[in-house]
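What Swiss-Prot annotates here:
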type	residues	note
COMPBIAS	607-623	compositional bias 'Polar residues'
COMPBIAS	704-724	compositional bias 'Polar residues'
DOMAIN	208-246	domain 'LRRCT'
DOMAIN	519-548	domain 'IQ'
REGION	306-330	region 'Disordered'
REGION	607-756	region 'Disordered'
REPEAT	34-55	repeat 'LRR 1'
REPEAT	56-77	repeat 'LRR 2'
REPEAT	78-99	repeat 'LRR 3'
REPEAT	100-121	repeat 'LRR 4'
REPEAT	144-165	repeat 'LRR 6'
Amino acid sequence: MAVAHLACDSQGSVVDLSGQGLQKLSPTLPFGNDTQTLILDKNQIIKLEHVEKCRNLVQLSVANNRLVRMMGVAKLIHLRVLNLPHNSIGYVEGLKDLVHLEWINLAGNNLKIIDQINSSTSLQHLDLSDNNISQIGDLSKLKSLKTLLLHGNNIASLRAASACLPQSLTILSLAENEIRDLNEVAFLAGLVDLEQLSIMNNPCVMATPSIPGFDYRPFIVSWCLNLKVLDGYVVSQKESLKAEWLYSQGKGRSYRLGQHIPLVQYLATVCPLTSAHGLQTEEDAKLDKILSKQRLHQKQLLHQTRSDGYLTSSTPNKRLPLSTEHHSPTHVLQTEPTVQVNNWLRSSSSEDHSYAVRNICSSPFGPPHYSSLYMEDIQTDEDKLNCSLLSSESTFMPVAPGLSPVSPTVELRVPAIKADLPVNETVIEFNKDHTELPPSETPEKPKLIPGLSAMQDDKSCCVYPVIKDENVTENIINCETAVSMESTQTSNGPTCHNLIMNCKQASVLDQDVNHINKISKAATKLQSCWRGFYARKYNPKVKDVCYEIRLSRMQEHIVFLTEEVIRLRKEKEEDRIQRILQGEAVRYLWEQVQAIQQWQNTVKLQTANSSENDLPSASNSKHANPALEELPSSPEKLNRKASPDIPDSGFHSVILNHCTMGNTEKNSSEESEYSQPSLDTGRHYNDKVPDSPADQDLTREEQSQSSKDSFTSEQDSSLLQQYLRSVEQLDETADNTSYSERTEESRPEITTCSDNSDLSCSISHFLPENSKQENIDIHSNLPSIDDGHNTPIPCDSSLLVPQPDLV
């Protein structure tokens, strides 16, 4: 196993065993009592063993391993720095005796609670980010704690912050948690020394489609009054003024816990989110006006102090500042626009990490304290709206100077000049391409006016804005105002001449600035077009994004086509089922039609057989009953009654002749009562007096066949009910007509027939079976009604062959 070499420095020995594939620590490893720094990063260590022999160990780093417990550090009582990120540690232990600990990093573990850290009273930095902590533990005994990083956890409430967090806390990171109510920020009001706070990427500050955009920064500043940096951006003067207004006159502190939606709606009205300069509200315009007046007043005071002799003519290379802001160590007023500061790393080196800084011009005759100025990475409001910095990586974690984020509009910042002079915190930018005027055109400036000499000596280092052209005009107006104020103090001729020349130079400067701004805009547009083309063609990340967009569109199209295919398939299935039902219905109707045709053929055959059987029975009754033929009646009228006009429908019904059994004065109801015995008598006579045995058998077969046919026809009788009703109506009409005619023309014949019928019926009813043959002889001996006609006219229509009841 390879062992890393020992590297000793002035502070003691350093043992670096990172990336060696170690799974455990053996006693033979090269570290002893003199080891002060031990680095075991990027190994496979599960348990810390044999590190207690390093009694003087001050710094220990075991990052990116497989540690489950941290009890192995319990005996390292001199330990000051403990770095254990990205392991599998479940709970904090072994820190009870480590009273000298100042820096602990436990990020990226499986911690759920904060415990056993109160004993490390010297702790200043505690990193518990990217764990599973759901609530803030008790850290009130850590009086020296300055930095607490809790981003990337599951914290949903800050109720315990005022009681569990120490008052000395200056940096607090709560980003990427589960805080859903913006009113939870009120519990941070007790942290009076809090200067930097991060609350980004929480549900309470994230934009939603149902809620209009709002700026939460003034509301948080209204609770944390000493806050200087929020979410990685410096709190601007405008935000401070809005926070003061929310605290004093607005409703910022009137909302309580659980009223997140009303608070957000209120902030959307008083602090709307505007990303462009042309979308400023009326309140923003008023604030800008107030701040501009404040800067103008400060300029006037500066000029007044210079004219009084604060700045003499012996310092001709001093510049006229564009804006000056006084500040105290406890409260610093930042100038507009809002800037982003990485204030963990401040380097005095001359390395330039920003491509927006054109040139740094300094006068060789300037004071020596300008050489001690240093640069910081700053960012304007436009970059703040377009950036996606995570506080856990870019804001609260130190990075190397060469890897610091670069902003396209980074400017030079001068935080301090000298203790005995007002501090200038104006964001300025120098242009090295500015051409100086020829010396011949510059008039000789008198030494009586120090302000003018300072202005004219400043031509070699011109100030240009980055964002707005209005700033240049305002600066020129301020310059003219300052010149006019100083001109009132003198009355000589050269001073007026110098004022005129200064105004001309200001106008020329304005034209040059406009021309340069146009060129800059054109160059920026060309660069943006080229960068877009290059990114789309050669940048792998952009190509991957374009590929993902194409895949997403293709997926959406496939989903749409799938839905269409499913819909068409359902429609086709419904059409198929409908066609099947229609086919079944047509088949059923065809079967019904076939059944009706078969039944019609059966009825026709039955009718034909009945008509053939009627003829022999009628002839037999004529020969057997000659006396009945002699009854006085009109054959034409009887035939007209027996066969009325019935439409030929294929279903012939036999009309029974009812003989009247009473006098002509009786009504139709009495005649119907007498017709029933006559019908029974006729049937009885027909049954008892057959012509021959063969005819009797044929009659019985026909009756049984007709009964079967009638039973079969009952199933389809409903189809003929309407037709038979119409036939019955015609029959009743014909019966009434024929009956009225017969009663008037042949009343004696009907009476005689009725008497004879009653006599024969009564005789046949009371005679025994052996005497019924004699009754037949009696009827045969009766005289014929009409010898001239061969058609037999029976007394009752029941003598015919009975037909089946079709209804």
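Using the three backbone atoms N, Cα and C, a Cβ is placed for every residue, glycine included.
Source: prediction; values computed, not measured.
Secondary structure of the repeat 'LRR 3' (78-99) per DSSP, as helix, strand and coil residue counts: 0 helix, 3 strand, 19 coil. Residues in the repeat 'LRR 6' (144-165) partition by DSSP class (helix H, G, I; strand E, B; coil) as 4 helix, 3 strand, 15 coil.
Mean pLDDT, taken over the repeat 'LRR 3' (78-99), works out to 92 on the 0 to 100 scale. Across the domain 'LRRCT' (208-246), DSSP helix (H, G, I), strand (E, B) and coil residues number 17 helix, 5 strand, 17 coil. Taken residue by residue, the repeat 'LRR 1' (34-55) breaks down under DSSP into 0 helix, 5 strand, 17 coil. Counting residues per DSSP class in helix, strand and coil order gives 29 helix, 0 strand, 1 coil for the domain 'IQ' (519-548). Helix first, then strand, then coil: DSSP counts for the repeat 'LRR 2' (56-77) stand at 3 helix, 3 strand, 16 coil.
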